[in-house]
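Undergrad: Could you have a look at this structure, given as structure tokens, before my questions?
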Amino acid sequence: MQTRNTFSWIKEEITRSISVSLMIYIITGASISNAYPIFAQQGYENPREATGRIVCANCHLANKPVDIEVPQAVLPDTVFEAVVRIPYDMQLKQVLANGKKGALNVGAVLILPEGFELAPPDRISPEMKEKIGNLSFQNYRPTKKNILVIGPVPGKKYSEITFPILSPDPASNKDAHFLKYPIYVGGNRGRGQIYPDGNKSNNTVYNATATGIVSKIIRKEKGGYEITITDALDGHQVVDIIPPGPELLVSEGESIKLDQPLTINPNVGGFGQGDAEIVLQDPLRVQGLLFFLASIVFAQIFLVLKKKQFEKVQVSEMNF
């Protein structure tokens, strides 16, 4: 009996340990996968500075293109597409956090006018859902529904990102007006060069922190280097740490100067920003325009008919 109870207790403990381990894996895995958009969200209340610069450029130092396409005008309470394109050479490989090479990821931030927001799932058409794919958008802040972020996501599959946007209705939203509005977008491909805390990533160039001679280069077991620079005058030494990823440009015995590059720049990605304009159109104006155009068409038809009638009268008078 005692043996059976002991076996049962061991079985319960193993089951509990597996469950706890699985929960920890799920939680930490989720936090890691969602970490990248949080970098900007945690550091900045608004992703667009007063100068117009989007804060993602503080970490992604290389300048690359980005494009946005939106309708020229939309009606109130209407779902439309905002298509963001982040072009790059699909053959490129970036340096990953572990120093190995891998495919590039992409991400984007879309800054809409106040009142515009992510369309609810039940308002998105099947055709638009197919374009969106498995993307999951999130608000930059719970209180800022007009600012959306996405990423990192695989660049080979999502270099073109379709945002489903719902326009506001001034009839129910007093802060919305029938005006022309600006839309701002920022898009990056690849990892950043600087972390929000100011530290460098391994996806950037590393420079010498002193002038002197490279007296020793030690290659670490897990990748990366320790470079010892000896001052030729007083003999004091400085050790520069290079993380796994960047390739060395210097060798032992070489004389170097302060801020001279020790490695190549491995970054193949970059960040870009752009803008577009959209008009929230008043339906009454559209109806008025259609009525005006219709009246012009009818007037033209009436003039043509009157002209033909006049010509018939002239012909009949000449025959008489």
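Keep in mind that glycine also has a Cβ here, set from the backbone N, Cα and C atoms.
So Swiss-Prot lists the following for this protein:
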BINDING   Tyr36, Cys56, Cys59, His60  heme binding site
SIGNAL    1-35  signal peptide
TRANSMEM  286-306  transmembrane segment
Undergrad: Under 8 Å between C-beta atoms and at least six apart in sequence, can you list the same-chain neighbours of Cys56 (heme binding site), or say none if there are none?
TA: Ala40, Pro47, Gly107, Val109, Gly186, Asn188, Phe271, Gln273
Undergrad: Count the Cβ atoms, other than its own, that fall within 10 Å of the Cβ of Cys59 (heme binding site), considering every protein chain shown.
TA: 20
Undergrad: If you draw a 10 Å sphere around the Cβ of His60 (heme binding site), how many other Cβ atoms fall inside it, taking every protein chain shown into account?
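TA: His60 (heme binding site): 25 neighbouring Cβ atoms within 10 Å.
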